[in-house]
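Asker: According to TrEMBL, the record shows the following:
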DOMAIN    16-198  domain 'Aminopeptidase N-like N-terminal'
DOMAIN    233-449  domain 'Peptidase M1 membrane alanine aminopeptidase'
BINDING   305, 309, 328  Zn(2+) binding site
ACT_SITE  306  active site, proton acceptor
SITE      390  site 'Transition state stabilizer'
DOMAIN    528-845  domain 'ERAP1-like C-terminal'
């Protein structure tokens, strides 16, 4: 049996074709009983059957294998928990061909939000359990023994025995329901061929709203009793999105129905189970009165993301987790395509830059990983559901689509989906389809982006009407890297009409731009050059000083698009962190954005101000207040334009921006903002429906009142907790959790952190409360160490554990602290956090080096004072 232990994949001598699964969950005892009959094709001589199983109690006497000629009982049944495999040894060689494997088993409805688990909800004040599945990446094995690998596709016939009054859902429509006393037996249509991680079951009390697509697919949104009105927006998005994707992929949705359901306890954002998509409530429900514009956008993009998976992931599935990015990167990219089609006024493609930036941030670490990453054990899979698979994945798809052209790209995708439907694919299969459709050497172009980690910074110098380009790997640490890429360079000079593009395939190259520069008005100060036009490329750009200064002028004169203004700022910030550009020059550039009003640019300006503010406070405490004041000044223009109250007919983006600008001013402890927020907050406490505190500015008000809370002045904190306890809207609860630890008083922070571990906070939501103020960093670290055993017990088997480490460790900025963190985790690391821990410690080193570099800038104080007193 030892030959099967410690292997990344199951042996290939038996291939599952069909599962007949019967499950009987007991929602009071929180257990389940089950049986499975698996049609197998034995394709090699063997006297073993090896499949996945974990946390199940196998009834050994029930296990049998029946072929056409005989019924065999195994001589040994061994459940190897370390490898999550069930090894069945038979006395004789199994006959080649088709047979049936029967197994009876029991399990526990766990509280870990994975496998077959329980979630709690209340009906008329009474607490109840529902039973829910979450199988991706590798947890179907916790519900029934199976070949739990994406390439082992089969059909699934599911039968449930459940309390008669409950709703019982699965991937397919119900074909029969038989009531027998208090119980009913529910049988579902057999599924098409699919992977185990997409099987789904939900049992509980629910209401629903329903609609149909134009070709008759029944679409429902299920939610807790009394919340159906909150499902209407997602229902509208789903119906329209299914129709859009049917056209885009040139293949209809494959199932007769699509259910989407809100689950109160849910670890991820959502899960694309075939025909039964599960969501956390914040990603599916939208309340006209109490949800913010940002919540509405979140629902739209998440629904579009999950429905994209019905084709890209469910119909065509990655062959192994190495190719996870094919699922996630693609669904992320195409969710923007769908949202833009449904809500063009949201200008959602400008916000795609946020995806790109998050990808660039993580991939700037030496401890990043390639898009295609080797997976050697199931425990390693969780950690790659990260910004590389989703965000870098989406960004390189966008870069490729921009290079190949939208029409050619779409045609090739449709042929890829047709070719691999009901089957599996690898990255190279997608490249082959795109290569065939476009005639471009896609495989050669893209390998440097998916098979090696990192990305380039392209340095640009102007000399004698020639542009000199040089690429090198960008690392946030400032260290040299040795990667090289095929980089699609785009540039424009003085106008978006004067453009040039080429592939930079070597370390350096010179391009003649004499003709392009001819379109500039000489001596007018408007002769600028922007590389990576509209930020479609996944790389950073470093300009020489003269080019950088000209771009600063172009920003002030509003000559550049918002995406390009975003890109210049973001690259400058990254180069400053990597110590390739001074903080002085970054702050000077930021000054050029003082009249910025576009959502995506201001949102990034706020994020950068917040990070720079924290680092500057570590590096130069005596300049902290001046730098803070400079950031407050930068936001005054937009704050005055937007005001506190929504304006009739204003855009979705302005509604989101108002909340972000006021929240930033609250974090910077701007007195006038804190005063006004306090007035509105107290009006809200008197009347929850007051027009003085609409949902878009609630987070700002909550953060603002927490800035003046202390041990001796805690009433606003207690009031916020009261609002938390009274609301049943998840979005409101997470807004409050995201605000309470922003308090400057370490004692209150400790209270807030301890509150996260109480039964009042669902374990899925605790991570929202980890955003502590600068004054709370040490408190949070001491708390993490003190509570580590409890935290690992509660979150230790899922990806949320890694968030605790990242959010509490990463903000530090000293080498001593990095050493202390390393020492603490030396004996406490586990596969689920090893990558995140290394990344977090690397971030601390980057911050510490950045602090030292800032301390060496001799003219910083002078420049800051000049920027503060400059009249805006």
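Just so you know, the numbers here start at 1 and follow the chain as drawn.
Each Cβ is built from the backbone N, Cα and C atoms, and glycine gets one as well.
Those TrEMBL annotations? Automatic predictions, nothing curated.
I'm curious about the neighbourhood of these features; can you describe it?
Answerer: Cβ contacts within 10 Å of residue 309 (Zn(2+) binding site), excluding its own Cβ and spanning all protein chains shown: 24.
Using a 10 Å Cβ-Cβ cutoff, residue 306 (active site, proton acceptor) registers 27 neighbours.
Every protein chain considered, the tally of other Cβ atoms within 10 Å of the Cβ of residue 390 (site 'Transition state stabilizer') stands at 24.
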Asker: Looking only at C-alpha atoms, tell me how far residue 309 (Zn(2+) binding site) is from residue 390 (site 'Transition state stabilizer'), rounded to the nearest Å.
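Answerer: About 13 Å separates the two Cα atoms.
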Asker: Under 8 Å between C-beta atoms and at least six apart in sequence, can you list the same-chain neighbours of residue 305 (Zn(2+) binding site), or say none if there are none?
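Answerer: In sequence order, the residues whose Cβ lies under 8 Å from that of residue 305 (Zn(2+) binding site) (at least 6 apart) are 270, 331, 332, 334, 335.
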Asker: Around the recorded Zn(2+) site, report the further residues of that chain (criterion: Cβ within 8 Å of the mean position of the Cβ atoms of 305, 309, 328; site residues excluded), sequence-ordered.
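Answerer: Not counting the recorded site residues, we get 272, 306, 308, 312, 313, 327, 330, 331, 332, 335, 390.
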Asker: What's the CA-CA gap between residue 306 (active site, proton acceptor) and residue 390 (site 'Transition state stabilizer') in angstrom, rounded?
Answerer: 13
Asker: If I take every residue in the domain 'Aminopeptidase N-like N-terminal' (16-198) and average their pLDDT values, what number comes out?
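Answerer: That region's mean pLDDT is 97.
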